[in-house]
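As recorded in TrEMBL:
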DOMAIN    A:25-473  domain 'Amidase'
ACT_SITE  A:Lys79  active site, charge relay system
ACT_SITE  A:Ser160  active site, charge relay system
ACT_SITE  A:Ser184  active site, acyl-ester intermediate
Amino acid sequence: MSNISDLGIAGIRDGLTGGDFTAREVAETFIGRVSAAKPLNAFLVETPDHALAAADVADKAIAAGETLGKMVGVPIGMKDLFCTEGVETTAASGILEGFTPQYESTVSANLFKAGAGMLGKLNMDQFAMGSSNETSAFGNVISPWRRNDGGNTDLAPGGSSGGSAAVVSGRIAPAATGTDTGGSIRQPAAFVGITGFKPTYGRCSRWGTIAFASSLDQAGPMAQDVRDCAIMLEAMAGFDPKDSTSLELPVPDWEAALNSNLAGKKIGIPKEYRVDNMPAEIDALWEQGIAWLKDAGATIVDVSLPHTKYALPAYYIIAPAEASSNLARYDGVRYGSRDLPDGAGLQDMYAATREAGFGAEVKRRIMIGTYVLSAGYYDAYYTQAQKVRTLISQDFEKAWNSCDLLLTPTAPSAAFGLGEKADDPLAMYLNDVFTVPSSLAGLPAMSVPTGLDGQGLPLGLQIIGKALDEQNVFNAGLALEERAGFVAKPEQWW
Amino acid sequence: MTESTYRIQGATGEWEVVIGLEVHAQVTSNAKLFSGASTEFGAEPNTQVSLVDAAMPGMLPVPNKECVRQAVRTGLAINAQINKYSRFDRKNYFYADLPQGYQISQLYHPIVGEGEVQISLDEKDPDAHGKAIGIERIHIEQDAGKLMHDQHPTMSYVDLNRCGVALMEIVSRPDMTSPKEAGAYVKKLRSILRYVGSCDGNMEQGSMRADVNVSVRKPGEELGIRTETKNVNSVRFVQQVIEYEAQRQVDVLESGGEIVQETRLFDPDKGETRSMRSKEDAHDYRYFPDPDLLPLELEDDFIFDCKASLPELPDEKRARYKNVLGLSAYNAAVLTAEHETALWFEKLLDTSNEPEKIASSAANWMTSELFGALNKMGLTITESPVTPEQAAELLGLVADGTISGKIAKQVFEIMLETGDGAAKIVEEKGLKQESDTGAIEKVIAEVMQANADKVEEYRGGKDKLFGFFVGQTMKAMQGKANPQVVNELLKKTLDN
């Protein structure tokens, strides 16, 4: 038997039901991993008691021969964007410091109902705005990965779900929740060599998840492999009457229908995703991915998504516009931090609170969003961006006439060093160039780790599917996974 | 209606006033527009606040279907276009009574489009002086909370009970030209809302309030620049605002000044309006579609059901009372102005197999006797101590000749005091009218005998004495004789 800490969701499930170990042993193992991982700064709050309590419940259920939940006995990491009852939740922002929700987000509640325990709340980019984890108010997460140059440059785990990526790749948690607005699950998954899945918009309830950009935000699993992602998404997803944009559809049994035989499937290769200055290694990996999918029985077709180049600018109008309004509630009146200078009036309190509480990237996006919605600019920016969004969705619709799935790289580069892009927001925004279009269209997409670059850092490929067709995304991901045989993991230096 | 004659007499001649109203009506619903919190008036501060209303992180709005239904019913009641596709937009601004930092409203695609409200300036004969006031739109939106500045020496408190309560904003065209028309419009709108049951119309409690847009111009000229006076909460104040604003604007213009497009506040104590903020300081609300909410798409069946659920509305009812029940224009107008009054009247009619026969006398009795009594006691029709069934019993006794109209007034007073039924009172107090000709003839004979001289005078041509004999006969019978029979018999006996 392998080490418990190397196991993922399915491995833990099989070990528990096979009597190889108890849920308590699993929880204790990972709690130990968590406390040893402080140098990574991945956790904002540790909740060992929660994990242990869930484990004890799991052990009892197993002993009693009860029907077990999909996540029984699996201790997970929880991105700090999910409100957790009685556990401080800040979205890694100073403005929510000290905020302890009296309610449980639907996604975390679903996971707990399925038997999962929680190891702690995971660090992230502040309000999920960032691609490197450097916008956290509580210090950046450091990736468990190091370049193979013998140096010890700290690398970015990607973002915004950087804490989630770090703990899964560092075998500190068997799985973690993520959220994806423009690539926040897929890009960090690619950076650290794990699997990350963003479902169709509306599959997972947004209730109790701190909003960044409501029309784009989707929760999803980050785990070691495709099967684990399928199991975990089944537990997370489902209709929620408390979220008007939640899909009123049953949750399929994706795990049971996993099938890597792609005979009869057509995979589209969008030519617009061949961008300038993309590392040759990523190009080569993409070609390799095409070969693997052919090997799995799929037919490869070239497709065009002509409006792709407008996706990033449209995204950086729509997402900040929604964020500027969503973040208006953080005003120092009812919860979180408040800055009340002597003799201050209401407006002064707002200004002081928000000046002190929000980080620079959050302020930048609030200002962009406020600008694009303001009188005289609304049509030129916001309305125009919405039109682009429609065109991008139509691009995908047309592509589905000739293919079932798309294969692209997940990110235009491997992980970069912390601080390398921090001063150049535009360079940072380019990280999302391959993930943003499917977010704008609300489509399911996943990143699968498929190789290492010359520096020994992971690279991922992305599968994009039709709305609600998570199954075929999982299946194609599995076909890649089986052929890539990606087993690399970071060496423990922390 | 003839052209409005309301004019401001200025130094440079006559000025015309142009008025448009935005009425905010609180939707009758147990729960708020986007949360399950209660909407009951008068609860302790912050006891009716859900996580959504307090804008806790991650909270999402879910539309309350009942509020949507009420808005659609209201639209149908003013013959308005119902928009099968509408959408919610966010109106962004910071204020302590607005936890989300935005109000969810409908700017771009309101749920109800063009309609109209028929008003009248003549209560006695509404049809003769009617005028249609155009409605531009009705949209639904969230109310804000309430700030309390008198609870702490240096801080303000916030009560979020009202925050998130559903409002309908009913926007009129600038079709009104006098304070009286504006008053009639608000009253009529209130009446319709109460008939529909979509708003209780309670202006004192703030369930209905108006933003009053006023401009002035020389007759026939282009529209002038308008001001908007916010949150006016009675018909009288609406009229005062218009009078004050129109005069103020004329004064400004005639002294060479310009009207500034601005938001103003009304001070009911001084009867004045004063500037709140000018257009230059106006907020940029950065409206955009609320990404937390899907567009509202209404099915035909839903609209059909809304239509089917509407009661008979005041204008239809008034026409029916006049044309089918044969009521006077005045009675028809008075009895239909308030839904409760009409319902009371109809309950009374329901006691009869032939309602048309008793309608007129019942209407007359209600508008004179009942309203007079309620007025004196300071009660509304729903608080009337006498039920429609009891009233029917009383009117029935008059109709079948058991008591006279005069005795009926007496009986009604006793009914109000004791709550007893009319028949019981008549029986116990012996107020039954005497219609037996034998008994009356006997008394007449006695009266004539006792007043032989007067009989001579009458027969000699002094017709006026007839009333004297009636009075004497009635007096002798303690007022219980059937006056009609007394009249007939006296005439027969005296004229012989």
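For all residues, glycine too, the Cβ spot is worked out from N, Cα and C.
Values in this document were obtained by computation on a predicted structure and should not be read as measured data.
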In the chain carrying A:Ser160 (active site, charge relay system), residues 6 or more apart in sequence that have Cβ under 8 angstroms from it: A:Met124, A:Asp125, A:Ala128, A:Met129, A:Gly130, A:Ser131, A:Asn133, A:Thr135, A:Thr179, A:Thr181, A:Ser184, A:Pro188
Listed in sequence order, residues with CB under 8 A of A:Lys79 (active site, charge relay system) and six or more positions away: A:Lys121, A:Leu122, A:Met124, A:Ser161, A:Gly163, A:Ser164, A:Ala176, A:Thr177, A:Gly178, A:Thr179
Local Cβ density at A:Ser184 (active site, acyl-ester intermediate) - other Cβ atoms counted within 10 Å: 36
Three-class DSSP secondary structure - A:Ser160 (active site, charge relay system): coil
Three-state secondary structure, which DSSP defines for A:Lys79 (active site, charge relay system): strand
For the domain 'Amidase' (A:25-473), mean pLDDT (0 to 100): 97
